[in-house]
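As structure tokens, the structure follows; a few thoughts come after it.
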Ligand SMILES: Nc1ncnc2c1ncn2[C@@H]1O[C@H](COP(=O)(O)OP(=O)(O)OP(=O)(O)O)[C@@H](O)[C@H]1O
């Protein structure tokens with residue numbers, strides 16, 4: 001298992017109006033990957049975004065890598081932290097919720113909508129099994145589901161992939177609403193709608209201060225080399241640490257502030273212990289926030305921290321504290337692993353479905369290849385013209401000599417064809433064909449079956465249905481097949497002939513492996529019994545093929 005340090009980026013925001021009212025002094029600046037402090041000390045990070053860095057630039061620098069690693073199958077976490085009003089929500093979310101209803105990602109929007117957009121573009125290149133989202137908040141030490149109508153409470157469940165190794169713990173929240181999303185718009189709308197339910201309030205520091213830690217999580221299941229790979233993308237907007245004196249928190253807000261600071265304090269302790277890497281106990285269980293982040297920080301995921309700070313001297317102490325945390329976090333090592341689900345019922349079931357779909361596609365493709373369109377042209381060049389013409393000649397002889405009624409003859413053909421279809425378990429989605437096309441359909445089906453059937457087998461099947469004399473004629477026609485043009489002419493004539501007895505023509509209806517012959521509408525007295533035909537044959541034998549009657 002290879003270890004990987006947490007990536008840490010710093011985002012410095014310009015001074016806000018309330019800060020400028022106090023002082024115009026700037027004490028935190030960015031220069032390449034360094035933060036330059038007022039006292040000329042500098043701290044190095046993986047990335048530093050200064051006051052001028054645009055939302056697009058931040059996304060291009062860290063966002064694209066996050067999606068690449070997530071899509072390749074690694075769980076990945078992005079956490080924004082910093083004091084209240086330092087720019088966490090601005091960096092992650094949408095400053096103006098109304099804008100996100102639009103199709104295009106607005107220029108001012110933060111990382112989450114951009115990440116979602118890129119993710120859905122990238123999912124075209126992989127085999128996605130499912131994509132779901134959850135949106136939770138930790139408010140006053142309760143985990144609430146922002147995607148449920150009453151923001152119901154949910155519990156944490158951990159999965160131990162390897163009990164001997166803390167790093168193999170996976171954190172799950174099975175009671176939370178896991179909403180299936182098909183498009184970027186759906187996912188963004190979950191983020192926006194859940195965000196509306198999130199606890200916010202106006203404080204002295206921020207008119208829209210987040211009073212809870214929020215976790216928007218995307219769960220991806222994909223198929224890689226026949227196995228299911230499960231990964232999650234945790235997008236975490238932490239509530240900002242705040243000072244009672246500056247934020248002016250009272251009553252409910254004071255209670256919220258204590259809870260926010262408690263969660264952040266535990267997070268700070270977790271970061272400190274993990275960064276020291278001396279085997280000390282990591283107090284994940286001391287807060288709901290750190291429990292939820294257990295597999296993200298020092299766990300199985302890849303992890304990116306974005307520490308947000310103000311550039312203003314008015315908040316220099318808070319910015320220093322944030323930068324200190326961020327510097328520590330850089331030392332934390334995670335062990336990113338792919339969670340692969342192998343050889344279980346789910347995988348087998350999945351592969352069986354995939355297999356069945358492929359078989360159906362293959363059958364459909366070969367069927368369409370043989371019968372490209374429902375016109376006579378496909379019969380002009382039948383796949384096995386000798387056999388088709390043989391079958392058809394017998395059909396013509398019967399039809400023109402009136403030895404069998406056309407409907408009766410077609411019935412015989414249909415039984416044969418249907419038996420073939422059933423024995424091969426083929427599915428022909430042919431329903432409600434117009435009457436005039438029923439012959440074409442029949443002959444095309446013959447062509448298809450002939451292609452599929454062993455030559456001797458079809459000959460045998462035909463012969464089984466014929467008298468000795470008829471067999472002789474059939475065999476003769478097999479030896480001297482007509483040309484394709486002759487065959488086409490015959491088919492045309494035959495089609496015209498059958499159009500005259502349109503109402504008597506039964507129809508093939510084959511769907512989902514079931515064969516239904518429509519009720520034959522001709523009068524029973526028109527049917528010539530087989531015994532009579534045989535008798536007639538005995539008197540008038542031998543017979544020759546008649547000339548084709550044309551209209
Ligand atoms: N990089 C930036 N450029 C311009 N304005 C910014 C930037 N970052 C934040 N702001 C502005 O600062 C204000 C506070 O930002 P934001 O609400 O994102 O802070 P926060 O850290 O999420 O605060 P809280 O923890 O209280 O929720 C907002 O008005 C926001 O538009």
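All positions are counted from 1 along the displayed chain.
Note: Cβ is positioned from N, Cα and C throughout, glycine not excepted.
As given in TrEMBL:
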| type | residues | note |
| --- | --- | --- |
| BINDING | 82, 83, 84, 85, 86, 87, 88, 89 | ATP binding site |
| DOMAIN | 5-332 | domain 'Kinesin motor' |
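Under the DSSP three-state reduction, residue 86 (ATP binding site) is assigned to coil, being neither helix nor strand.
For residue 88 (ATP binding site), the same-chain residues 6+ apart in sequence whose C-beta sits under 8 angstroms from its C-beta are 80, 81, 82, 210, 237, 238, 240, 306, 308. Averaged over the domain 'Kinesin motor' (5-332), the predicted model reaches a pLDDT of 83. Counted within 10 Å of its Cβ, the other Cβ atoms near residue 85 (ATP binding site) come to 27, all protein chains included.
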